[in-house]
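A.B. asks: First the structure, which I've put down as structure tokens, then a few questions once you've had a look.
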Amino acid sequence: MTTQARRGGGDIEIKVQPRVGETSSASASAAPSPSPGGGGGMVVRGRGRPYKSHSPWLVPAMTVANVVLFVITMYVNDCPKHSTGCVVRFLGRFSFQPTKENPLLGPSSSTLEKMGALDVNKVVHGHQGWRLITCIWLHAGVVHILANMLCLLLIGIRLEQEFGFLKVGMVYIISGLGGSVLSALFIQSSISVGASGALFGLLGAMLSELLTNWTIYANKCAALLTLIFVIVLNLAIGILPHVDNFAHLGGFVSGLLLGFVVLIRPQFGWVSQRYQYTRPGYLPGSASPKSKHNVCQYILWIVAAVLLIIGFTVAMVLLFRGVNGNDHCSWCHYLSCVPTSKWSCNSNPVYCESSQDGDMLSLICQGNGRARNYTMPNATDSQIRDLCTQLCS
């Protein structure tokens, strides 16, 4: 899910999956492991050496990196110096912004922007394309980072054990980039942070890995239905207000296609035959040689690779030309929010009128008409934006 908080001159999109502990546990157990019975088999590498489980270190390292970056972000934020009404003030400069401004217990939008959040205007007109990557390493609050890191550990460790750090790292980064690009094309009045696009990419890769390596798994149908249910449930949550489902969709599609390319395994017949070669008494030529990969795997590999390259190329060109996806797709906004009688999907930016009289700062929210005075000499633009976010929330 992507939670949205108001700020002067724009909004902030905070990517975080709700109930991630429940859904991720299901998804981590949804994909089966190769087994000798029921269509499974012993996977063999080289001359009879079974595939060994990789020791996962990249996923734990990425988790630590995300936590360290969040601590650094809170240090830079320094709420007591720039805002009033900070939460958990005994933490000093690590205390959180007021909950009206950021209910996830985290920094201000101006701090996230300073640290590298996704800002479409700066990416397109400021030539800061690096924000498409840096935004997936930033988190907007304690609730946000706990949910995403739990999801990363539950899904990522299982994949890294089976396929190694290089392939899992590739899926994570490219999926995160895909989520950022699609989000930037359709949500351009806000800044974004979070790893949900990359996490949905891991889910997509789990699905494509199961499909392309169908012959080596047991309990395939049950695993497939469970995984599809988890994915649909998480995507359905994205139609709630203030949720950036475009990042979820972009990450999922990127991970799905990439999984067909990099997570392909030899088919069961080839694996079994290779294993037989090493058994005592086996006579060469007693069985016809099996192909390492079947035709379906080759077709999926080619189609997925072509779609992935074309999709990223077209999306990047459109983004850096300043194209707004909503201008060419009148219904696409329903993929991220469906309005009902209970909520509105309006995400227009809010603004405040400000005036400084000595040590007194006066703000009037143009959205709701609220006014308030603050004792704050020489208020900076970032301080005014953060106070405006609180006033208009």
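Heads up, the Cβ atoms here are built off N, Cα and C, so glycines get one too.
Heads up, here are the entries from TrEMBL:
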type	residues	note
REGION	1-46	region 'Disordered'
TRANSMEM	57-76	transmembrane segment
DOMAIN	127-263	domain 'Peptidase S54 rhomboid'
TRANSMEM	136-157	transmembrane segment
TRANSMEM	169-187	transmembrane segment
TRANSMEM	193-214	transmembrane segment
TRANSMEM	221-240	transmembrane segment
TRANSMEM	246-264	transmembrane segment
TRANSMEM	298-320	transmembrane segment
A.B. asks: Look over the recorded stretches 57-76, 169-187, 246-264, 298-320 and say which has the most C-beta pairs under 8 A to the transmembrane segment (136-157).
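C.D. replies: Selected stretch: 57-76, with the most Cβ pairs under 8 Å.
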A.B. asks: Do you know the mean pLDDT across the domain 'Peptidase S54 rhomboid' (127-263)?
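C.D. replies: Mean per-residue confidence for the domain 'Peptidase S54 rhomboid' (127-263): 90 out of 100.
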A.B. asks: Counting by DSSP, what is the helix, strand and coil composition of the domain 'Peptidase S54 rhomboid' (127-263)?
C.D. replies: 107 helix, 5 strand, 25 coil
